[in-house]
Amino acid sequence: MAEIQVTKRTPAQQQLNRKRGKEGMRNQIMMFSLMIFLTLCSFGMVVAYQNDVLGMSGYFVLPMVLLIAAVLVGLQFYYFMHMAEEEHGIPQFFMYTGMILGGLVPLAMLTIVWW
Amino acid sequence: MDVLNHKFTPETWPEHPERATLEAKNKFVGFWLFLGGETILFATLFATYLALRNSGPDGFEHTTQSLYDLKLVLVMTLLLLTSSLTSVYAVYHMRNFNFKKMQIWMSITALLGTGFLMVEVYEFVHYVGLGFTFGSSAFASAFFTLVGTHGLHVAVGLVWITLLIWRNAKRGLNLYNATKYYTFSLYWHFIDVVWVFIFTVVYLMGVIG
């Protein structure tokens with residue numbers, strides 16, 4: 001097993017850590033509430049479209065719903081999965097590459113499959 | 001010093017325990033690479049679904065507009081999203097060196113995940129009862145493959161966290177298992193990400209037509 005340095009935090013440092021942790025958690029809960037709100041918006045728009053309420057047209061609802069999904073995914077990656085924190089350069093690199101390629105594959109299938 | 005047997009206290013517990021040793025750092029990078037690969041896997045399944053969602057033999061009766069029940073999908077989404085939040089709580093407690101609370105929040109995560117899976121199984125059984133089976137149409141095959149693969153990932157995650165909770169119950173928190181819990185948390189968030197795409201592309205887009 002690797003050797004590591006063990007440092008003991010002073011009470012003041014410990015308190016600061018706890019405070020930062022609590023703020024971080026409050027941030028996470030705000031992000032979660034935002035995600036729930038956006039999810040409900042998505043569903044609400046589609047149900048409104050289904051029931052012809054508010055004159056929603058498919059041309060508006062579809063891109064909006066996809067945009068909301070993209071935002072939701074961004075929030076998940078950056079906040080829940082800590083991709084916004086430091087030392088996440090390699091994960092970011094590989095995930096963005098995966099997303100680009102992952103966007104190309106459906107595009108290809110949508111183009112070449114017509115039956 | 002021997003990290004496995006070292007007795008940590010809340011004051012000496014590293015700030016990022018999931019990346020404190022070299023092995024932990026490697027597991028961290030390795031798991032993100034795995035998630036990059038899973039992104040491609042689900043992209044191929046999405047591609048197949050998008051290409052085939054309106055295809056089937058002539059006169060196939062179940063279409064995306066008629067089949068889906070959005071209430072059930074909303075329940076599933078809220079269950080999975082909440083389970084993602086509870087796993088965030090668990091990692092927060094892990095970073096605070098609070099083993100008991102972390103186990104509790106991970107158990108709640110597992111319970112919510114089980115709830116999600118039960119609702120999904122109910123949905124599939126309902127579809128099969130309607131005559132919408134894997135072999136009914138190209139659309140059906142694509143749907144069951146995509147959503148089924150996601151469900152399988154959820155099931156694997158549930159087995160994983162159950163084993164983690166059970167096997168580490170007496171061990172307490174140390175640098176050996178900190179990274180394992182963190183890795184599970186990443187996995188669980190990822191399948192939530194995939195579910196966001198599923199409910200948007202499959203269910204919401206399906207209802208819009």
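Glycine too: its Cβ is placed from the backbone N, Cα and C atoms.
Over in TrEMBL, the protein carries these features:
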| type | residues | note |
| --- | --- | --- |
| DOMAIN | B:1-207 | domain 'Heme-copper oxidase subunit III family profile' |
| TRANSMEM | B:29-52 | transmembrane segment |
| TRANSMEM | B:72-92 | transmembrane segment |
| TRANSMEM | B:104-122 | transmembrane segment |
| TRANSMEM | B:142-166 | transmembrane segment |
| TRANSMEM | B:186-208 | transmembrane segment |
#### Entry: Residues from the same chain, set at least six apart from the ends of the transmembrane segment (B:72-92), whose C-beta lies under 8 A from its own
18, 101-103, 105-106, 108-109, 112-113, 115-116, 119-120, 122-123, 154, 181-182, 184-185, 188-189, 191-192, 195-196, 199, 203
### Message
Please report, as numbers and ranges, the same-chain residues at least 6 past the borders of the transmembrane segment (B:104-122) whose CB is under 8 Å from any CB of it.
### Response
72, 75-76, 79-80, 82-83, 86-87, 89-90, 93, 147, 151, 154-155, 157-158, 161-162, 164-165, 181, 184, 188
### Message
Given a Cβ distance threshold of under 8 angstroms, which distant residues of the chain, six or more beyond its ends, lie next to the transmembrane segment (B:29-52)?
### Response
138-139, 141-143, 145-146, 149-150, 183, 186-187, 190, 194, 197, 201-202
### Task
Note the mean pLDDT of the domain 'Heme-copper oxidase subunit III family profile' (B:1-207), expressed as a whole number.
90
